[in-house]
Amino acid sequence: MTCGGHSMNQLITPGELIHPEIDEMSVMTYLSQFPVAKLDQVKKPLPPEEPMASGSLEGVNDFPVVNLPSEFSVNVVGDGYKPKMKITDPDGREMHHIVAEENPHRFTVTYTPQRDGLHHISLSLRDIALGTITPVESASRTVEVLPIVRLCSYPDRVRVGDAVPLRVEGAIRGPIEVVVVDATGGEHPLAVIEGPGKGVYSCEYTPKHPGLHTLNVFYNRVAIHGSPFPLRAVDRNNFFIWGRGISDDGIRINDTVPVYVDSREASSDHENDVKVKVVTDAGLELPVRRSKEGLRSTFIYTPTTTGKHLVYVTNNNEPIGQSPYKVNISPQTNSRVRAFGPGLEGGVADHQSVFSVETNGDADRLAFSIEGPSKTEIACQDRGQGAASVAYTPKEPGVYKVNVLAGGDHIAESPFVLMVDPSKPGFHPSAARLTGLEPEMQFVPGEPVPFRIDTRDTGVVDDAPRVEVLDKDLALLPINGSQINPGIYGYSFTPKKSGKYHICASLNGVAIPGSPFPVNIREPIDLSKLRIFGPGVDGPVKCQEPTHFTIDAKQAGPGAVEVALADRSGKAVAIDVLDNNDGSFTVKYTAPRPGAYQLNVVFAGAQVPPIEINVEPQVDTSGIRVTGLENAIVTVNCEQEVHVFTPDGDNTRIVITSPSGSIVEAVIESTDTGFRVSFTPSEIGDYSISVTYRDLPVGAPYLLHSVPDGNKAEAEYVVSRCGPPRADLVTVTGPGLGPVIAQRSTHVFIDTTSAGFGDIDLFVDGPTRTPIHCVDNHDGTLTMYYVPKTPGVYYLRVMFDSNHISGSPFQVLAVPALLASSLTADREKTESSFTTLSSGSSTPKTAPCV
């Protein structure tokens, strides 16, 4: 029946023949139909057998570790197939992996788990010819990624006999074993206790011999990452070694560097046996000088060649510390950056340490870093003129290394290695004060510079401050000092040359607030012998025509000359300064427009009285004038009329600008004498009326101040309040109390809310008549507007019930507009308009004044 089934359909199955409910008659009746069927001579082709292809995973680590690569192999049975892997993390995200072919039937898969937890690995086979992908369910695996097993931080340098606690974390599966090999080679398996916490194991080791010990940590009998770990044990009576002389980098040829050896005990039997030997790369031994103070021995050497040096520190001919120390000697630096101050010499824990940096024009990528027992934040403050103040606060006592880099390299004397002492109760160095050095004080070479230091509130009255004076080359100067009274010390030094000096003052290693203190020493000067002359200042000066003047400082003394020229609005005029190489300078300039200009000259830091220069137009504008502006304060939405008198109306232009900056439409009518200009101010604020003749301005822009419509009172106002009049309770505030700017509107607020009932009278007295305008704010206060017409001193009188209020009359200074920048901007945040030169310099140079 099977053979017949290949060419025709079966009539009955074998199961039906033996079925108990089918008898033989039924079968024969059914089969009687079989002879009717005809034989099909064409046999159907047998279906092709599917190729047998499978795959398996080999060497899969069931417990990989986070951030460590894990590798396994894939074996492929069958030709024309390549594995397609899928590795997913606990969140279902597919992970990156690399499949490398060893041969057509074996592949290597590498992946790095990024987090712990269950990860799923599945294998599929890709038919290279057909591109079909067939999953291999039998090759799926699930692995558990474990966290990194690590040995927590421990003191890598201990004393013999001190117990060292060890803690291992992340060992979720499998046991932890710790075996210590001591300095003599003996092995010491440690008793490991599990907990507290999951995957945490702890143990303890007490070294009995000095030297290098190694800590071997095994997890599931495999060494953890980083094992073995070093542990250095030192003798309890050993010495502490530190100093710049054992720094591995930063020491340069001809640097004098110290190595400090501190004895831990006052009565060390081998204290005098400590020796320091410095050997060059060529095997030569350098001279070493030794000095001793208390428990500290200081060894000083000076390298004379570059290259590797070894510093041997021994006690009784046995190496101590980490001897020998490898030191790299570099060539001398070309950087002009220098650092100095108490913060580079010592300090006290929990107290701010401060030092200064002078770039000397060589600020190439300055960088600071501090290494020490505690993490320390660094704060840097720019002090101008290439100087900076750097502060940091060490939290723990110990040795700190301050690195100052310029352009990626150590500057001279960097790194600075210093000892920070433990914090002292009751010590308050911030309460110390240095007095006698005010910024405005002038000092000259050859004369003593006195100052005092007060330490009475610091808690250490009996400890004298440490004071050093450095000249401009950072060389130490002799200084005289003595105690005047308990806690008060007097000092003085005598500079020999002009320049910038520094006073470094500290108390128990902590800088006194403000230290290092800069002191500028200048040669004596005589401003009365400084001469400024020439057509550029004596006149006449025409606009748009080059002119010049001379500054003669030959008899005034040495010093820098700074020159600035600005118009009435404060806009600087470009100037060209030429050094005549004889102590005098020629200044050339071209005034762009007519009007008043101001020349400012600073010599050796001293201000010369400003010089007013009147620049005349190239054409005659004396016949042009403007009237109708007698009252500079007007009411909004009220028509105003201005008359412009000019003999040449065709070349005269009038432009009115609103407070918002837009051009105001005005009615301009021609008259026999010029123009009649009518307009209505629709905004509150200052309106500008510009008159030009042949594109040259006639006078300064005229200003009108528009105020809201309100109750007007030119000089008198009635205050309706209950109670007797109290002039002492009236207050006046606002920008109108000065200093103010001439020809610009200003105002004051007058508060009478607590003054009772009475009349208030307002007056503005000054160089010219000054109209005022008062507005009732309907809340017991007034706003008074006024416009000072010319620079000078004005007096604002405010009287209540015929009595002056407190502070009346108020003195108000009105300055020209060209000085307005000093009233509205921070001088330190704006670039100076001065051009700077030095009297007597051989080559001309210009630089912005800092």
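Cβ coordinates come from backbone N, Cα and C, glycine included.
Here TrEMBL flags 832-843 as compositional bias 'Low complexity'. According to TrEMBL, the region 'Disordered' annotation covers 831-850. The feature repeat 'Filamin' is assigned by TrEMBL to 58-145, 156-233, 231-329, 329-420, 424-521, 522-617, 616-706, 722-814.
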Summed over the repeat 'Filamin' (522-617), the DSSP helix, strand and coil counts are 7 helix, 51 strand, 38 coil
For the repeat 'Filamin' (58-145), the averaged pLDDT of the predicted model is 89
The DSSP breakdown of the repeat 'Filamin' (329-420) into helix, strand and coil residues is 3 helix, 48 strand, 41 coil
DSSP composition of the repeat 'Filamin' (424-521), residue counts helix/strand/coil, works out to 3 helix, 45 strand, 50 coil
